[in-house]
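So that you can see what the record holds, here are the features copied from Swiss-Prot:
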type    : residues                                             : note
BINDING : Gly8, Arg9, Ser10, Gly11, Ser12, Gly13, Lys14, Ser15 : ATP binding site
BINDING : Asp60, Ala61, Arg62, Asn63                           : GTP binding site
Amino acid sequence: MRLIIVSGRSGSGKSTALNVLEDNGFYCIDNLPASLLPDLAQRALLHTELLQPQVAVSIDARNLPSQLQRFPELLQEVRDNHINCDVLYLDADDETLLKRFSETRRRHPLTTDTRSLAEAIGDESQLLGPIADLADLKLDTTSLNLYQLRDTIKLRLLNKPEPGTAFLVESFGFKRGMPVDADLVFDVRCLPNPYWKPELRDHSGLEPEVREYLAAQPDVEEMYQDIVGYLNKWLPRFAASNRSYVTVAIGCTGGHHRSVYLAERIGAALRDSLKNVQIRHRDLSS
């Protein structure tokens, strides 16, 4: 049996995440009282004829604060029964959440006559702290549209075939900010930039012209060898510490050339020694 617990601040994309999981064969329950989590997991484990072997539940700020405070012990009770359980925590920056609520005109569950939307969003972070602290995977949805979020959920959760550590090698551009969920960040802006070659500017690091140019640069090859050597040494230590997800981010200026090229090569190299390695290019379509 596999259990995914979805949480996060209101407006961060929890409903979308549950919809994706439901579309992919999960039995989904929204707004589960946290205190019922161990009982639900146990019943699902014992009565597979009633529930699918894949279950996803949403636990968020609609719960009583006292139940949210108990989340660590409730989660441990589930895991003591040897259930394959992942905690997904979604979030976005305050400005984005405010904008999303303004656009949809939906009411935040914590707003009252004396508590503004901005205050409710801030208070929600504290309420959900016990869940956020134990999240196996945190996703920042600030810059993701609906379709990108759906694709990210599929990549990170549904492409994880078995218990163990899922590794993601992600390219990005510093001009759009660093990925907040990255565990390791490598800055490759010091390398020769194909952008300044007019014939390469409109190509990406996935295309032969850019790949050939970068492969011929000694500094690029040296950077690649150093990063792969470091990761081959230390990523198995992350896996040994029972981490479910590890994100390695490779950043250049725009996220189109150098970081894309290196992320592809590094991801391919890591697949020789690690089981579950995925590659994603955050800014390639922008």
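The backbone N, Cα and C atoms fix where each Cβ goes, and this holds for glycine too.
Using the Cβ center of Gly8, Arg9, Ser10, Gly11, Ser12, Gly13, Lys14, Ser15 for ATP, the list of other same-chain residues with Cβ within 8 Å runs, in sequence order, Asp60, Leu90, Asp91, Ala92, Leu97, Thr141. Same-chain residues that are not part of Asp60, Ala61, Arg62, Asn63 yet have a Cβ within 8 Å of the Cβ center of the GTP site turn out to be Asn31, Ile59, Leu68, Pro109, Leu127, Leu128. Arg62 (GTP binding site) is 15 Å away from Gly13 (ATP binding site) when you measure Cα to Cα. DSSP classifies Ser15 (ATP binding site) as helix under the three-state reduction. The Cβ of Ala61 (GTP binding site) has Arg9, Ser10, Leu68, Pro109, Leu110, Glu124, Leu127, Leu128 as same-chain neighbours under 8 Å, each 6 or more residues away in sequence. Least crowded of the binding-site residues (Ser10, Ser12, Ser15, Asn63), judged by neighbouring Cβ atoms within 10 Å of its own Cβ: Ser15. Taking Cβ-Cβ distances under 8 Å and a sequence gap of 6 or more within the same chain, the neighbours of Gly8 (ATP binding site) are Lys14, Asp60, Leu88, Tyr89, Leu90, Asp91, Leu128. All protein chains considered, the CB of Lys14 (ATP binding site) has 22 other CB atoms within 10 Å.
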